[in-house]
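Step one of this worksheet: look at the structure below.
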Amino acid sequence: MTDYIKDKAIAADFSSVQFRFDNYLKQNFNFGRSALLNSGNGRDSGSKMGSVVCKHWLRGLCKKGEQCDFLHEYNLKKMPPCHFYAERGWCSNGEECLYLHLDPSKQVGVCAWYNMGFCPLGPICRGKHVRKPRPCPKYLAGFCPLGPNCPDAHPKHSEPPHPPQKRKDW
């Protein structure tokens, strides 16, 4: 009898199960879009091609549809910043640029308190809270041969910086 139950449990078929949030995930996060996208067959989900808006789609002329390697949405969160605009303040592609044009003067700086280890304002802080993977054990012991090129955090324990400021939208 246990073999019968074991066979039924293993042979369960959930391919017809649909959740209410499936369409949301497909539209916003490209989950379940295509097996080719996640299998690495010529398209790496972490590559630049998956984060650049399709120039043909912008004009309504993309013939590839779902098979296109580029984004078919104008989502600012997924677009990488334009290197030329960030460096020079202008881009020769102008409005047709496939990358995000961020104004360097409006960029938010890194929070000095968070870099020291803890920011008392937490999510309402005005600065960026950039995580480093973990403290470098060699640096904590006294010396890290990699210096600033070390992938781990080198915490700076100095006098506290100026008091952190709250975000304007809070």
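Glycine residues also receive a Cβ, built from the backbone N, Cα and C atoms like all the rest.
Among the features that Swiss-Prot reports, zinc finger is placed at 48-75, 76-104, 105-130, 131-157, with the record citing sequence analysis.
Secondary structure counts, DSSP: the zinc finger (131-157) has 8 helix, 2 strand, 17 coil. Mean pLDDT, taken over the zinc finger (105-130), works out to 80 on the 0 to 100 scale.
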